[in-house]
């Protein structure tokens, strides 16, 4: 609260505070220092935004020309200039224009002949300052002294206990876990209950204009207390004036109500501060945990690399030993063969030295064969090493080194469950619009969302949208069905959790119009695509905007114009039915075509069930599509026309009409199935 009690000019607690027209307060002495005077004809500075530095706050002795006896004006008229060139004058001289600018909001106000006495003294603020200063001077006793408590010297902010110096050393030493506690100068706990001397006998406030009159009324128009004399003189005579006590209570009540709102916000702010402090602790704990996890991951990589190094070294050792064994075996084999060959060569040379022809010839053939066989043993390759000294093993560490150099933190958390925004989710007819958002403040990247709906009958979910948008409209749902919807987010780390399920119900009955996008070009639509006719004498087909695959649906067509006895056709069709011929001539439409006397059912150009009775201007043709029984039934003027027209209908069907230029009909939708129609259908079937 201390900041509320400090003057914005001098920075000290208020002394004789006055209320400026902007509702801010300044000390009376400070107000004298910031008065600015300009010669007549000049405009005083307005709405300065450079703060109080625009004014040269003169010393009190230079500006103390204010006097109760001379209405605030003296004979000393110094003219001084501030560093920015603004002329500053004491509150004097009638021929000078005097103004004062609020140092907080920089709003300027001109002074009248009363000078600063024209501003009201803030006696309430003055009393609060006096009580605050008295409470600050009160002593607080130590709460732990057993006998004769002495004055406390410190207060622990965490423990909320007052200690004298000995008790603080004994019970609250600044070491161990208590070292982090904050010790403050003592504040009296009973400060709020103290009353400044003479407060009960405080002088009642008097009127600024009439110093002998006490305030007794409150001018609502001027928002200021007034006296009876103010009312009699007429200044506030025509204003809305109310009793001072009543307005006092009313404004106190308003302030209390306003404080309740601020109190709630302050409570939220305190809870938010607690949340932030808990967040600091969580960040600290998570940081330590994450560092340990990172060290463990790096150690695991090093350990894996060490294990792999051992495996590679084992392979190199095996390869080396294999090569050495092969070379050693080859050396042994070659040495033995060389010894044999050398011995044979030496024997042959000795034989050649003998001079006995007959003896030589006895063994020469055998020796020649032995030499030839020995020569054949030294074929090509026998004198080549079976292994090379190089190792046919290559370790490519470049990708691994590149991966190590590129090793960095990546997003490794899946996004949280999105929050479906119920205020933006809605149903219209058989279309559902859903909106969602991510619920966390963490910067988790989201690459897209997956929206899923069930089949409207508590069946399995299916994906209806995958993408980056956070709003989606799903068309073509079943009427009179409740759909469950959920959404999840995904990123490179994986797919997050599902949101809470929201249930949306489609319209009980079908509302639709004719579809201009799929209609034949000769079709003419009006009345917001609810009325149709044709430019051609040939029959042309137009479909409805709704598609049905389940449920019971009923709609009607009112015949607005019927000339020259044409035979329009009414029924249902697939979306790809032929549009340039009568409805029912292909295998993708089921219809009843009717003139003014009779009708036929037609599908795949097959005419069946001729029935008497036709249509004219003003007639209504009703179509009942019952996909629970898979039947199609027709009505004229609310009466069933003929038997059940078609059975065993499966798939998706759209309302359809074919007509020429002699007919105009209007579509009527949003109709519930009349009970008498369903009863007649059941009897006929």
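Heads up, the Cβ atoms here are built off N, Cα and C, so glycines get one too.
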Have a look at 266-322, 323-379, 380-436 and point to the one annotated coiled coil in TrEMBL. 266-322
Please list the DSSP helix, strand and coil residue counts for the domain 'B box-type' (202-244). 7 helix, 11 strand, 25 coil
Taking DSSP helix as H, G and I and strand as E and B, the domain 'COS' (352-410) has 31 helix, 0 strand, 28 coil
What are the DSSP helix, strand and coil residue counts for the domain 'B box-type' (137-186)? 13 helix, 10 strand, 27 coil
